[in-house]
Amino acid sequence: MWLLLVLLPVAALPARGCRAPEEAAVRVLSARLLGLAEEPGLDADPGVYVGLRLAGDHDLHAERRYLERLQDAFQGRYGRSLDSDSHLSHGHRHRHAGHSKDTRAASQWPETGRLALYLLGLRASCPPPDPGPQRFLVTWLKYYLEKDWAGSRRHGHPLTSYYQYSLGVLALCVHGKRVREEVIQRLLVAEQHRRFRHAGSSAVGKGPWDPWGPRRTHRGGCVAPRVTQGIPADTEAVVALAFTCLEREQLVRSRLAAELRVAVRGIRERFVEAQSEDGLIGNIFSTPLAMQVFIATDKCRTHAAYGRAMAALLQRLDAFTSAAAMAQALPVLHGRSYLDIASMQCKEEPDTLTPLPIEPLPVGPGNMMVRLVVECPVAQCPQHLLYDLPVPVPTGASLLDLLGAAPAQGPQNFTFETQDTPQGPFLTSVLGLAAQPQERHYWQLLGGLGSSLQMGVADYRPEDGETVILRLSKW
């Protein structure tokens, strides 16, 4: 038995004794993600690279090419000292700087989440890159954690989100870097006061993913191109992973470590209580991150909730259609969490994976009619009901297609705006009303009975006779 364990490739062993399911469908999911990663025209996403590295099967040459694309995108921007960038960028500000041609970053909107994922990806790469340039990246991430929190002094939360903020702490911990105790206490106090909940959610989670990409404006009558999108993952899961890492790597004092243990135990217990009868924790997209908490704390074999969640995932693998959603699901399907990146070894990794091209879902023959409703219950809106009309679209069309085909109601055309993010298009404005991230506003996607659609605008496909509601909400 021990001889067999020694002969297995080190990087392929399940993390901390969490058994990975031997399912052909899991390998197919890895191949589909690799296929999406090689799609021309799509920006490299550090989260996708992390998902590929934490999987059990690899195409090492393709992964190296993807890493080079990430390095091209990040090193030019963060491969310099903070002082030199601050001097160059004086007087400039671009909120969505991750896709700007201007490489200056010091005075721009914090890119905490993307930079954290990129650092996690560098630590997971084989062979590891030159550690020299990483010093600048660590400095940048620490800077963003401080800049991000500046929003709390006025609004009581980070400028981006608790999700991105905790991801930044986790990335620094995986690299063995200490962060100021005040930074950790900010997250701990937020967890103790349950500040991670957002309006309309029965599960603990972060709000809509922060827009990182360029804005696209759409006018009625033009069908927008289909782009995939996942939905936000669970904030408390990333917080628990960060706390577990800080304690395990002994990067905090013993008294604070004890408080972090209590917080993680509470998060894990709430996940068990929140698990639905079908095995999901929150929803299909938040479940993988929640499962990582059981893996990281070595509770995957002792909690029945983990086994039920794994069974639920395996039954619904076809729900993961976007690259970001696939990348978030793959680690747990291989018995791993983000914490395993800290101890990854590049020894005899199986180089057997072949990319599987993604074929677009066919649009069926004939048309269907979907009722589209736009509601705005916040104070800035002139009236609650802004739009209510049936929209004819081809059978099998996505919600994004539906919005593009929506006719005018009155003299004004139906317009909406999206922003490209690592998880696909993010709806930012409808009928000229923009969601304001600083005010925690976002456009919520609902069914006719007011239940969340649990998918993004590019992935959700309404049925004939269905009602879809776009509601400007606060989270």
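Start at 1 and count along the chain as shown; that gives each residue its number.
Even glycines carry a Cβ here, placed using N, Cα and C.
As annotated by TrEMBL, signal peptide applies to 1-17.
The region 'Disordered' annotation in TrEMBL covers 84-106.
The compositional bias 'Basic residues' annotation in TrEMBL covers 89-98.
The number of other CB atoms found within 10 A of the CB of W443 (cyanocob(III)alamin binding site), across every protein chain shown, is 23. Feature annotation from TrEMBL assigns cyanocob(III)alamin binding site to T160, S161, Y162, Y163, Q164, D234, N283, Q328, W443, Q444, L445, L453, W475.
Feature annotation from TrEMBL assigns disulfide bond to C173-C245.
Distance from the CA of C173 (disulfide bond) to the CA of L445 (cyanocob(III)alamin binding site) is 35 Å. Across the structure, Y162 (cyanocob(III)alamin binding site) and C173 (disulfide bond) are spaced 16 Å apart at their Cα atoms. In space, Q164 is the closest of the binding-site residues Q164, N283, W443 to C245 (disulfide bond), judged by Cα positions. Taking only the Cα positions, the spacing between T160 (cyanocob(III)alamin binding site) and C173 (disulfide bond) is 20 angstrom. Each of the binding-site residues Q164, N283 was scored by how many other Cβ atoms lie within 10 Å of its Cβ, and the smallest score goes to N283. Each of the recorded positions C173, C245, L445 was scored by the other Cβ atoms within 10 Å of its Cβ; the lowest score goes to L445.
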